[in-house]
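Let me begin by presenting the structure, written as structure tokens, before commenting on it.
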Amino acid sequence: MRSTSEGGRAYEDRFLGMIQLLLSFTTSTLYKQILDTVRREKSFKMAASDSDDSLYPIAVLIDELRNEDVQLRLNSIKKLSTIALALGVERTRSELIPFLTDTIYDEDEVLLALAEQLGNFTPLVGGQEHVHCLLPPLESLATVEETVVRDKAVESLRKIAGDHSSADLEAHFVPLVKRLAQGDWFTSRTSACGLFSVPYPRVSSTVKAELRTNFRNLCGDDTPMVRRAAAGKMGEFAKVLELEYLKSDLIPLWTNLASDEQDSVRLLAVEACVSIASILPPEDLETLVMPTLKNAAEDKSWRVRYMVADKFTELQMAVGPEITKKELVPAFQGLLKDCEAEVRAAAANKVKEFCENLPEDIREATIMTSILPCVKDLVSDANQHVKSALASVIMGLSPILGKDNTVEHLLPLFLLMLKDECAEVRLNIISNLDCVNQVIGIHQLSQSLLPAIVELAEDTKWRVRLAIIEYMPLLAGQLGVEFFDEKLNSLCMSWLVDHVYAIREAATNNLKKLVEKFGAEWAQSTILPKVVGMAQDPNYLHRMTTLFCINVLADVCGNETTMKVLLPVVVKLAADAVPNVRFNVAKTIQKIGSQFDATTINNQCKPCLEKLQSDQDYDVKYYAQEAMSVLCDAA
């Protein structure tokens, strides 16, 4: 009879042989036989108590690579590194990678996971010297129909390209790029477009010429999807190209793509323009780039014009101040007046940034004569998305134009937008008031905009009211306590009884911030009497708001005020008819109890909680017991 150790060794030998078979054969008949062997070995493993367990999980993972259940195959793919570590670098290269290459016919999510895993496999195949063995499966994945799989395969190829030596790039990686670029299916050609920029800086001049030729062919491909991919990667390729070839080879290709019959190709050519313009010397920009860019800004397709508007400030930085003065200001005016709302909205969103980046010597004059008239028209635009985009940036013009221009030209526009029928427009203006305040001061702001702000505090849209509340502490600190008490105090208290919970909650936190600014004495004379008075309100929601206020005000009002003024209100509410109020009493005592001395806890807090512990409502009893436990632990 064999010894236990002999049984373990035999088990190990059998599993090694089984894994070898599984990786070596892919025909369906043999594979079924191997799966049967695996499943029999699972039973054998359960019986061999002292056998080596280390290979069993690996066998299960390999088994699952061919399982009919997609999720099991996916799980196994995600653990490929574990299989590779167990097999070692030699067997991973000679068996696992060929096995994976031969089995790339699966669900898209499995292929996506495989493409991602292979990008991290360099150490698992033996490092830089052997990394090229990962190319075949990734090449196959780069040709599949599903776009996300191809994109992930290209991403992994780009990643492992950095692990190749220059010699291996020329011997293995560049031939892969050529095969993809010359493939029969458009899928391989689109994938190739994303790979040219990676090997180009590290290969010989002869190979560089071949890469440029292949990229030129892709830019003129019959299939729009390939031309679109080439246009999308052109800016990236331009950054690694020598300047002479950029001018002689790439710019003519870019010009052709920018006038392509497909607008989806033309709009991606606009994106490439940013990279090309940032590389070219200024003297070449006007002749090589600007004619094409101006055509794009007036393109018949609104999608192309939208892309120009969206990338406008990047283009502005790329072409520099002189061309901006001469060419881009008129183009920007045209986009702000575009017939399509989407284009106007994209341009409006860039107003502040465009104005900030204008040359200082012409900035104010250009804004006042060229930009501001367009902005005035957009304030009353028929499309709410255009007005909303403008409202999010228009306040930023104040620091650029200064106090006088703001008061004379911008404040009327702000007032119009504060009264706009679209809530989002009003919200965006309110959210950026501090930009104007820094320029014109709180006195001017309160005179011109405060009436409109007070009106918005009662806006029918609760999000607008919420924005006003969040701005209130800043406004209060700038106005001062006297002005605040006169104009805004009653407003802040009215929010405490708003019908929307989010408003009541924000109003409660607002009170805490106001007390932090104006002090505990101000709170005692101004805020607390009104908060305490709410405890008698017939509406139980308002009585609960009293408790919420006490929770947050206790921290800033001090121990003495909390004990003498706020605690008696809490204790009194313990007898409230509404269970929700009573269990919030328990939560409040738990929250503020740490501020009291032992006498107060024993004489006021604990008797109140003991009474609540015998309440008929389950929730009230639960929170009372929890609060009592916390107070006892603290004591």
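Backbone N, Cα and C atoms are what each Cβ position is placed from, and that goes for glycine too.
Keep in mind that TrEMBL annotations are predicted by a computer and have not been checked by a curator.
Annotation comment: TrEMBL describes 57-95 (among others) as repeat 'HEAT'.
Here TrEMBL flags 134-172 (among others) as repeat 'HEAT'. Beyond the repeat 'HEAT' (134-172), the same-chain residues lying 6 or more positions past its ends with a Cβ under 8 Å from any Cβ of the stretch are 97-98, 100-101, 104, 108, 111-112, 114-116, 118-122, 125, 127-128, 179-180, 183, 185, 187-188, 190-192, 194-195, 198-199, 202-204, 207.
In terms of DSSP helix, strand and coil, the repeat 'HEAT' (211-249) has 33 helix, 0 strand, 6 coil. The repeat 'HEAT' feature in TrEMBL is assigned to 211-249 (among others).
For 250-288 (among others), the entry in TrEMBL reads repeat 'HEAT'. Residues 215-216, 219-220, 224, 227-228, 230-232, 234-239, 241, 243, 295-296, 299, 301, 303-304, 306-308, 311, 314-315, 317-320, 322-323, 327 of the same chain, all 6+ positions outside the repeat 'HEAT' (250-288), place their C-beta atoms under 8 angstroms from a C-beta of that stretch.
Across the repeat 'HEAT' (289-327), DSSP classifies residues as 32 helix, 0 strand, 7 coil. Taken from TrEMBL, the feature repeat 'HEAT' applies to 289-327 (among others).
Residues 293-294, 297-298, 302, 305-306, 308-310, 312-313, 315-317, 319, 321, 374-375, 377-378, 381-383, 385-386, 388-390, 392-394, 396-397, 400-402, 405 of the same chain sit 6 or more residues outside the repeat 'HEAT' (328-366) yet have a Cβ under 8 Å from a Cβ within it. Per TrEMBL, repeat 'HEAT' is recorded for 328-366 (among others).
The annotation repeat 'HEAT' is assigned in TrEMBL to 371-409 (among others). Outside the repeat 'HEAT' (371-409), and at least 6 residues removed from its termini, the chain residues within Cβ reach (under 8 Å) are 329, 332-333, 336-337, 341-342, 344-346, 348-356, 363-364, 416-417, 420, 422, 424-426, 428-429, 431-433, 435-436, 438-440, 444, 448.
TrEMBL lists 410-448 (among others) with the feature repeat 'HEAT'. Averaged across the repeat 'HEAT' (410-448), pLDDT for the predicted model comes to 80.
Among the features that TrEMBL reports, repeat 'HEAT' is placed at 449-487 (among others).
Per TrEMBL, the feature repeat 'HEAT' maps to 527-564 (among others).
Here TrEMBL flags 566-604 (among others) as repeat 'HEAT'. Here the repeat 'HEAT' (566-604) has Cβ contacts under 8 Å with residues 528, 532, 535, 540, 543-544, 546-548, 550-551, 553-554, 557, 559, 611-612, 615, 617, 619-620, 622-624, 626-627, 630-631, 634-635 of the same chain, all six or more residues outside its ends.
For the repeat 'HEAT' (134-172), the DSSP counts in helix, strand and coil order read 30 helix, 0 strand, 9 coil. Residue counts for the repeat 'HEAT' (449-487) under DSSP, helix first, then strand, then coil, are 32 helix, 0 strand, 7 coil.
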